[in-house]
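Student: From TrEMBL, for reference:
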REGION    1-266  region '2-C-methyl-D-erythritol 4-phosphate cytidylyltransferase'
SITE      ARG27  site 'Transition state stabilizer'
SITE      LYS34  site 'Transition state stabilizer'
SITE      ARG169  site 'Positions MEP for the nucleophilic attack'
SITE      LYS229  site 'Positions MEP for the nucleophilic attack'
REGION    267-424  region '2-C-methyl-D-erythritol 2,4-cyclodiphosphate synthase'
DOMAIN    267-419  domain '2-C-methyl-D-erythritol 2,4-cyclodiphosphate synthase'
BINDING   ASP273, HIS275, HIS310  divalent metal cation binding site
BINDING   ASP273, VAL274, HIS275, HIS302, SER303, ASP324, LEU325, GLY326, THR397, THR398, SER399, ASP400, TYR404  4-CDP-2-C-methyl-D-erythritol 2-phosphate binding site
SITE      HIS302  site 'Transition state stabilizer'
SITE      THR398  site 'Transition state stabilizer'
Amino acid sequence: MNSPISLSQPEIQQTAIIVVAAGSGTRLGFGIPKALVPLADRSLLEHALDRIQLAGCAAQVIVVLPRGDTELAARAAAHPLKPRCVDGGATRNDSVRAGLAAMDEGTERVLIHDAARALTPPEVFRQVAAALVAGARAVIPVLPVVDTIKQVATDPGHGQPHITGTPARESLRAVQTPQGFHTPTLLAAHRRAAGWDRAQAEAITDDAMLMELLGERVDTVPGAAAALKITTKPDLVLAESMMPRHPEKESPMTEPTGNPAPLLIPRTGIGIDVHAVADPSESRPMWLAGLHFPGDQGLSGHSDGDAVAHAACDALFSAAGIGDLGTHFGTDRPEYAGAPGTTLLAEAARLVREAGFEIGNVAVQFVGRRPKFAARRLEADAVLSKAAGAPVTVTATTSDGLGYEGTGEGLTAYATALVYRVRP
Ligand code: CTP
Ligand code: MG
């Protein structure tokens with residue numbers, strides 16, 4: 001996976017995700033809709049929704065369910081994402097269309113996702129959404145093909161087909177979901193396909209095919225092994241082996257694999273930093289939250305004194321459980337002496353990711369009389385978010401004249417961070 005992606009609020013607002021979960025799961029053969037089949041302690045649908053929640057890239061989430069299935073509807077309704085639920089149709093294509101019809105009008109981008117790919121990592125959703133934001137009209141996650149793939153034909157009267165060709169493997173890709181689209185283009189493709197008969201509709205196995213038929217360019221992003229489509233029982237066993245594991249919560253559908261794996265529970269961290277304002281005899285620039293505040297006397301300390309950035313670093317280290325500022329930027333790392341707050345934050349984020357985590361967000365509040373912050377808050381959020389590669393928000397308050405923050409002798413920054421494990 002490439003560098004982490006963060007999307008802005010307006011970009012998230014204009015993005016919807018449709019999760020198609022209306023299939024019957026015939027090949028899995030449990031006699032219940034596939035999306036309801038448990039994997040460890042959650043149904044496949046809930047796993048898919050958990051990861052969409054972690055991805056945080058769409059304001060609207062629409063789940064397409066088997067008509068009349070109250071159990072799945074109840075699970076969807078209880079999920080923190082509070083998705084909109086609609087009834088599906090006879091084919092996957094019908095279900096996608098039902099989802100599209102339930103979307104807010106004018107939504108610019110839509111991701112279509114199979115609940116059957118329940119363990120698709122959040123980063124894949126973000127990559128697809130980001131490619132759309134960057135201008136792609138259709139984008140799909142793909143993986144290289146490991147098998148040699150043959151074309152076949154079956155002669156009348158012969159049971160088994162014979163080979164008619166071997167496409168070059170380097171030119172083949174296995175396709176996954178979520179598939180992302182510029183909504184008006186996808187709607188046009190679906191309108192065109194609306195009159196097709198059932199056989200033609202069933203031949204449409206993914207939405208990108210519709211775009212190809214319209215002559216639209218379809219771009220790709222890297223897929224993920226964990227995004228496998230759970231179709232048969234062995235797929236469920238494989239998916240189980242990839243799961244974060246509570247030993248006491250094995251799936252009733254599969255044998256335990258005994259594979260130790262981390263939990264998909266986010267971890268929070270806290271960081272606090274206090275800096276004194278430098279003595280007036282020594283003129284120092286004020287750097288806070290990655291910004292320079294001309295005219296304000298700066299904070300004392302070996303570094304630039306950026307208490308907001310330092311608290312953010314400590315919160316990240318704390319969340320990942322990998323020590324603190326002293327551990328990583330202490331006297332034995334002279335290259336960080338005097339480094340700007342943004343440099344430290346970028347390095348802290350890198351270390352957290354190196355330890356196997358992705359960053360949900362970092363929130364910082366500082367308490368102090370100066371600098372006057374409100375007018376530069378969004379600028380600070382942008383600079384720090386860029387450094388961390390994840391959303392960082394900064395707020396400010398005063399202490400009603402009390403303490404060193406009230407007299408202006410110093411300030412305190414408090415930070416929290418949320419991280420979640422993406423690798424063992
Ligand atoms: N799907 C859907 N509506 C349908 C058929 C399929 O929403 N009428 C969804 C499935 O729920 C699944 C995705 O499309 O998330 C991919 O379909 P597939 O893997 O074939 O799932 P099922 O149709 O449930 O499985 P089977 O074909 O074995 O019955
Ligand atoms: Mg099917």
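Glycine is treated like the rest: Cβ placed from N, Cα and C.
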Student: Within 10 Å of LYS34 (site 'Transition state stabilizer') by C-alpha distance: pick out those among the binding-site residues ASP273, HIS275, SER303, HIS310, TYR404, and say none if nothing qualifies.
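Tutor: Checking Cα-Cα distances against LYS34 (site 'Transition state stabilizer'), none of the binding-site residues falls within 10 Å.
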Student: Could you measure between SER399 (4-CDP-2-C-methyl-D-erythritol 2-phosphate binding site) and ARG27 (site 'Transition state stabilizer') for me? Cα positions, answer in whole angstrom.
Tutor: 63
Student: Given the recorded positions ARG27, LYS229, LEU325, THR398, which lie within 10 A of HIS310 (divalent metal cation binding site) by CA-CA distance?
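Tutor: Those near HIS310 (divalent metal cation binding site) - Cα within 10 Å - are LEU325, in sequence order.
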Student: So what sits near THR398 (site 'Transition state stabilizer') in its own chain, CB-to-CB under 8 Å and at least six residues off in sequence?
Tutor: VAL367, GLY368, ARG369, GLU405, GLY406
Student: Name the one residue among HIS275, SER303, LEU325, THR397 whose Cα is closest in three-dimensional space to that of ARG27 (site 'Transition state stabilizer'); these are the binding-site residues.
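Tutor: Looking at Cα distances from ARG27 (site 'Transition state stabilizer'), the smallest one goes to LEU325.
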Student: How big is the gap, in Å, between the Cα of TYR404 (4-CDP-2-C-methyl-D-erythritol 2-phosphate binding site) and that of HIS275 (divalent metal cation binding site), rounded to a whole number?
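Tutor: Computed Cα spacing between TYR404 (4-CDP-2-C-methyl-D-erythritol 2-phosphate binding site) and HIS275 (divalent metal cation binding site) is 10 Å.
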Student: List only the single closest residue to HIS302 (site 'Transition state stabilizer'), chosen from the recorded positions ARG169, LYS229, LEU325, THR397 by CA-CA distance.
Tutor: LEU325
Student: To see if you understand the setup: which same-chain residues, six or more apart in sequence, place their Cβ under 8 Å from that of SER303 (4-CDP-2-C-methyl-D-erythritol 2-phosphate binding site)?
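Tutor: Counting only residues 6 or more apart in sequence, the Cβ neighbours of SER303 (4-CDP-2-C-methyl-D-erythritol 2-phosphate binding site) under 8 Å are HIS310, TYR336, ALA337, GLY338, ALA339, PRO340, GLY341, LEU344.
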Student: Between the Cα atoms of ARG169 (site 'Positions MEP for the nucleophilic attack') and ASP273 (divalent metal cation binding site), find the distance and write it as a whole number of Å.
Tutor: 55
Student: How big is the Cα-to-Cα gap, in Å, between LYS229 (site 'Positions MEP for the nucleophilic attack') and LEU325 (4-CDP-2-C-methyl-D-erythritol 2-phosphate binding site)?
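Tutor: Here the two Cα atoms are 42 Å apart.
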